[in-house]
Structure formats: C-alpha cells, structure tokens
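Annotated features, as they stand in Swiss-Prot:
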{"type": "DOMAIN", "residues": "6-70", "note": "domain 'J'"}
{"type": "ZN_FING", "residues": "134-216", "note": "zinc finger"}
{"type": "REPEAT", "residues": "147-154", "note": "repeat 'CXXCXGXG motif'"}
{"type": "BINDING", "residues": "Cys147, Cys150, Cys204, Cys207", "note": "Zn(2+) 1 binding site"}
{"type": "BINDING", "residues": "Cys164, Cys167, Cys190, Cys193", "note": "Zn(2+) 2 binding site"}
{"type": "REPEAT", "residues": "164-171", "note": "repeat 'CXXCXGXG motif'"}
{"type": "REPEAT", "residues": "190-197", "note": "repeat 'CXXCXGXG motif'"}
{"type": "REPEAT", "residues": "204-211", "note": "repeat 'CXXCXGXG motif'"}
Amino acid sequence: MADKRDFYEILGVSKSATDAEIKKAYRQLAKKYHPDINKEDGAEAKFKEVQEAYEVLSDSQKRANYDQFGHAAFDQGAGGFGGGFSGGFDDFGDIFSSFFGGGGGGQRRNPNGPMKGQDRFMSMRIDFMEAVFGANKSVTLNVDEECTSCHGSGAHSKDDIKTCSRCGGTGQTVTQQRTPFGVFQSQATCPDCGGSGKTITKRCGECHGKGFNTKRVEVDIKIPAGIVTGQQLRVSGKGERGANGGPNGDLFIEIVVGTHKHFRREGNDIHINIPLSVIDATLGTEIEVPTVHGDVKLTIPAGTQPNTKFRLREKGVQDLRSGRMGDQYVEVKLEVPTKLSRQQREHLEALKETEVKGDSVFDRFKKAFK
C-alpha cells in the first residue's frame, strides 16, 4: 500500500496554519475538485483526499494526535501510544480513549453519535441586472436523502438491527502491543460495522442497506437584490450526507456577477458615461439618461465642462442589508466633430473671429505661466 500524503501538504498549508487558514484552504480545494463541478480523471480521488485531511486537521484533538504520531495515530495496529508503565493503570482502553479525545474518569467520546455531513461548494454566474434586482435560479444536484422506508437505519425492520459482536457497540476496536519499551495501543474503526456499532441481519429492500437514496433534485436559489461578486448563498441540507443519522451538510453558492455594456457598479452606486456635443455643452440642453430603473430626464446647464459628473439620487442599487438605494453618477464626455459641412465651418469661423477680439482660451492658459 502506497504511503499516504501529508495532510498539511494536501491542503497546501503549513504545520503552523490557523484553523481559519485550514478552513479556507479546504473550501477552495473542495470547490476545485468536487465531482459535480470537476469532471476530470482523478478529481473525485483528490476530493476524498482533501476531505480526509480536513476531517483530521479541523479537529484540534485529532490534529494534535496527527502532529505527534502522523498517520499511525489513526491506522489500526500502529503504535499510537507509548506506555512504558509497569502498573497503576488497569484499563489501557480508557487511557487510550482519554488521550485521543475521550473524557476523564473512563468516559469515552461516542464515535457513533450523529455527525453532520460535509458542506458542498459551487459557483454561479449571474448577469448584471440580476444582481441589481435579484432573480430566481435553480441548480440540479445529486443529493443523498434519507430512505423513507427504513428511515435511515438500512434495515428491513427494527428487529434486524443487532449490536455489533466484534466491538460491542462502540464502533471502535482497540489493539495492544507489548514491546520492550512498553505497551503500544491503537484504536480504529470497527471493520465489521463500519463504526456504527450495529450490524444488520436483513437489509432494507428500498435502499439495499445504505439508509439513503441518491436522487437528482432541482434546488431553487433565490438571488437577493444588491448581491455582489464573492458573496455566498447558503442552502441548508443540500450538502454531503451526514453520518450515523446526522443531518446533511449545506450547499454554499459563490456568486460571480457579469459586467454590463454601459453601466459600471461601485458599491451601491451606478456609473455611466454619456456623449454630449460641444454645442449642447455650451448652450445647455435637456436629455434622457438611461438608468437601471429606466430613462430619467437630466438638465445639462450651459457651459458644462468635459468630465462633469451629475448625480441622480436613489437611482442606484438597493443595499443588501439596509435596503437603502445607491445613486447613479452621469459623467459627460464631449464629442468633437471630425467632419463639418461648409455651413457649419462658416459658423464656427465666425465664432472664432469674435473670440480673437479678446484673449483666447489658450492665450489665458499661457499667461498663467508668466
């Protein structure tokens, strides 16, 4: 059997990584290799490898054991605990359980308790207007749902569920080895019951003993108005299957918002550039400006300069939390004609003649340097 890879190496973090760094690395890798997203060969194996690493490193006690003993802390038959004691402890199983996370006084952590399933991650691309006003979307997923026939037990009836004879219902087996250095003891999941502490004499005919059925379901996703790229939506119970009757994990959907041809969003404000002729900027005019809420009349005062910005109050995006509306900013971009008719040129030449009598714009500019 090939050696297992180092769990820290799998997640791409250092051995001094914080819980937050480990969780962040896991989420990124889980999204990258999830079988529902990544169809490449080997992706599913990598996904399982990432899950196994996170299961250990996200648990402070398991992580401490792993840091001290490596994979041997969880492999059956390995020397996970060095004793070297000649007496004073009658029950080495209790010592081992206490060392590996059980309570004191002979109380062990129940390995058969309900465990929530792993969360599932995916991304969803929506267009600009869907992010502004919200939308209703749907995704199709494979979801493990509790068998309605056996209610998750996997057995044909309650009488077909028996306490595992190998582990006595604990779900764990303990192996002891005596060496010249003392007693080495390890604990592993029971191979007969798979850690459940129960065995089934007759399986459920509906789910064939699994306790669940995999279904292809369509999940409705409500996109709230005002959402931005990077924000996540959570759908409860649509993640990976839980263990020992525990609930399913959750589905997290990271939103990616597309760009718009004309509008640009900054926070809850919308920005747009509008073309304006030199004549309209000089004499002033009234125009209808596109907004995400429809056209709005805007008065351009005479003498408007290039790149002037006008503010349209509450014509932006609704804030996701407070509900307040952002604004829209309209920036003027002057368009200088490249071709003129004879009549237009004559009018402009006449206008230029009136300017020559005084200082031109450029003349006033030069005087500022003297």
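Counting begins at 1 with the first residue displayed.
Using the three backbone atoms N, Cα and C, a Cβ is placed for every residue, glycine included.
Location within the structure of each feature annotated in Swiss-Prot.
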| residue | record | contacts (Cβ under 8 Å, 6+ apart) |
| --- | --- | --- |
| Cys147 | Zn(2+) 1 binding site | Gly154, Cys204, Glu206, Cys207, Lys210, Gly211, Phe212, Asn213 |
| Cys150 | Zn(2+) 1 binding site | His156, Cys204, Glu206, Cys207, Gly211 |
| Cys164 | Zn(2+) 2 binding site | Gly171, Cys190, Asp192, Cys193, Ser196, Gly197, Lys198, Thr199 |
| Cys167 | Zn(2+) 2 binding site | Thr173, Cys190, Asp192, Cys193, Gly197 |
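Beyond its flanks by at least six residues, the repeat 'CXXCXGXG motif' (204-211) meets 146-150, 152-156 of its own chain at Cβ-Cβ distances under 8 Å. Sequence-distant contacts of the repeat 'CXXCXGXG motif' (147-154) (same chain, six or more residues past either end, CB-CB distance under 8 Å): 161, 200, 203-207, 209-213, 245. DSSP assigns Cys164 (Zn(2+) 2 binding site) to coil in the three-state reduction, placing it in neither a helix nor a strand. Sequence-ordered, the extra residues of this chain that approach the Zn(2+) 1 site, with Cβ no more than 8 Å from the Cβ center of Cys147, Cys150, Cys204, Cys207, are Thr148, Ser149, His151, Gly152, Ser153, Gly154, Ala155, Arg203, Gly205, Glu206, His208, Gly209, Lys210, Gly211, Phe212, Asn213. Excluding Cys164, Cys167, Cys190, Cys193 themselves, the residues of that chain whose CB lies within 8 A of the CB mean position for the Zn(2+) 2 site are, in sequence, Ser165, Arg166, Gly168, Gly169, Thr170, Gly171, Gln172, Thr173, Pro191, Asp192, Gly194, Gly195, Ser196, Gly197, Lys198, Thr199. Its Cβ placed at the centre, Cys190 (Zn(2+) 2 binding site) has 22 other Cβ atoms within 10 Å. Secondary structure by DSSP for the domain 'J' (6-70): 46 helix, 0 strand, 19 coil. Confidence across the zinc finger (134-216), taken as the mean pLDDT and rounded to a whole number, stands at 85.
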